[in-house]
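Chemist: Per Swiss-Prot, the feature NADP(+) binding site maps to Leu28, Asn49, Tyr181, Lys185, Ile214, Thr216. Marked as active site, proton donor by Swiss-Prot on the basis of similarity to another entry: Ser166. As annotated by Swiss-Prot, active site, proton acceptor applies to Tyr181. Feature annotation from Swiss-Prot assigns active site, lowers pKa of active site Tyr to Lys185; the stated evidence is similarity to another entry.
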Amino acid sequence: MDYSYANVVPNFRLDGRLAIITGGSGGLAAVISRALLAQGADVALIDMNLERTKSAAKEVLGWGEETLKGEHASAIGQVSAWSCNIGDAEAVDATFSSINEHHGKIADLLINTAGYCENFPAETYPATNAESIMKVNGLGSFYVSQSFARPLIQNNLRGSIILIGSMSGTIVNDPQPQCMYNMSKAGVIHLVRSLACEWAKYNIRVNTLSPGYILTPLTRNVISGHTEMKEAWESKIPMKRMAEPKEFVGSILYLASETASSYTTGHNLVVDGGYECW
């Protein structure tokens, strides 16, 4: 048995790697992109609104230049911004190809945070809304995974896919009437298992990170002035609080690392403060 430092202590550095983050202008992507940049990765942000995504990319790079000084200065990578509807397979494929060409390397880390939730009672859920959320959350997760994996397979390169699921993919969180969101996230979790089995032979690991309630800017706006809603949510969490976005960074770095999680694939990592325990 080799007990050398490198063989025992996991390495979370991402030097030389290119990470694609969908939903790139969102609250969760903001902290994830900074963490990946700090670990030496190049980062490509994708979202629907190009100007908002460019602004997010500029903020991330500015943060890197200000924060990663001294011994880490040389580790600051590139940050690029792209516009794409992940529910459009052809657009996804073209965007991923452009990203690889722009950065001069093939992306080997994908983090899909894109997706949305909406509430309608099941008996009155509009068909067009149901189709739309399944196209983005469900098919979009497949399209980005497919376009990411193809060049890796063609060039015999390894990679890691992290699809953001939700605790709502395995439980029904009362009192929100969000059956189609729950269905879409359940689909993401099982998609991950399927892709993990198919692509293990190509050294492409596929995992789900399923959050509970996160205090993103959007969530803060929703609960602002609604004390009863906030208290109702938190009462069902054993830790009695919602998560800060930064509390998901460790899980992302674990699943991204080729040493820490080299034998982890097809897994649904739930980070929910214990919500599912009750």
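Each Cβ is built from the backbone N, Cα and C atoms, and glycine gets one as well.
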Chemist: For Asn49 (NADP(+) binding site), which residues in the same chain are close in space, meaning a Cβ under 8 Å from its Cβ, but six or more apart along the sequence?
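Modeler: Once residues fewer than 6 apart are set aside, Asn49 (NADP(+) binding site) is near Ser25, Ser83.
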Chemist: Cα-Cα, whole number of Å: Thr216 (NADP(+) binding site) versus Ser166 (active site, proton donor)?
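Modeler: About 14 Å separate the Cα atoms of these two residues.
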Chemist: Expressed to the nearest Å, what is the distance separating Ile214 (NADP(+) binding site) and Ser166 (active site, proton donor) at their Cα atoms?
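Modeler: Between the alpha carbons of Ile214 (NADP(+) binding site) and Ser166 (active site, proton donor) there are 11 Å.
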Chemist: Which has the fewest other Cβ atoms within 10 Å: Ser166, Thr216, the recorded positions listed?
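Modeler: So among Ser166, Thr216, the recorded positions given, the one with the fewest Cβ atoms within 10 Å is Thr216.
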Chemist: Let me know the most crowded of the binding-site residues, choosing from Leu28, Ile214 and counting other Cβ atoms within 10 Å.
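Modeler: Its Cβ has the most other Cβ atoms within 10 Å: Leu28.
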Chemist: Looking only at Leu28, Asn49, Tyr181, Lys185, Ile214, Thr216, which the record lists for NADP(+), tell me the maximum pairwise CA distance in angstrom.
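Modeler: With Leu28, Asn49, Tyr181, Lys185, Ile214, Thr216 as the binding residues for NADP(+), the largest Cα distance is 23 Å.
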Chemist: By the DSSP assignment reduced to helix, strand and coil, which category contains Ile214 (NADP(+) binding site)?
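Modeler: Reduced to three states, the DSSP call for Ile214 (NADP(+) binding site) is strand.
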Chemist: So for Lys185 (NADP(+) binding site), how many other CB atoms are inside 10 Å of its CB?
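Modeler: Neighbour count, Cβ to Cβ under the 10 Å cut-off: 25.
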Chemist: I need the nearest neighbour of Ser166 (active site, proton donor) among the binding-site residues Leu28, Tyr181, Lys185, using C-alpha distances.
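Modeler: Result for Ser166 (active site, proton donor): the nearest of the binding-site residues is Lys185.
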Chemist: What does DSSP say about Leu28 (NADP(+) binding site): helix, strand or coil?
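Modeler: Looking at the DSSP assignment, Leu28 (NADP(+) binding site) belongs to a helix.
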Chemist: Taking DSSP three-state, what's Tyr181 (NADP(+) binding site) in: helix, strand or coil?
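Modeler: Where Tyr181 (NADP(+) binding site) sits, the three-state DSSP reduction gives helix.
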Chemist: In sequence order, which same-chain residues at least six apart have a C-beta under 8 angstroms from Tyr181 (NADP(+) binding site)?
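Modeler: Within the chain, Tyr181 (NADP(+) binding site) has Cβ neighbours under 8 Å at Cys117, Glu118, Ile133, Asn137, Ser166, Ser168.
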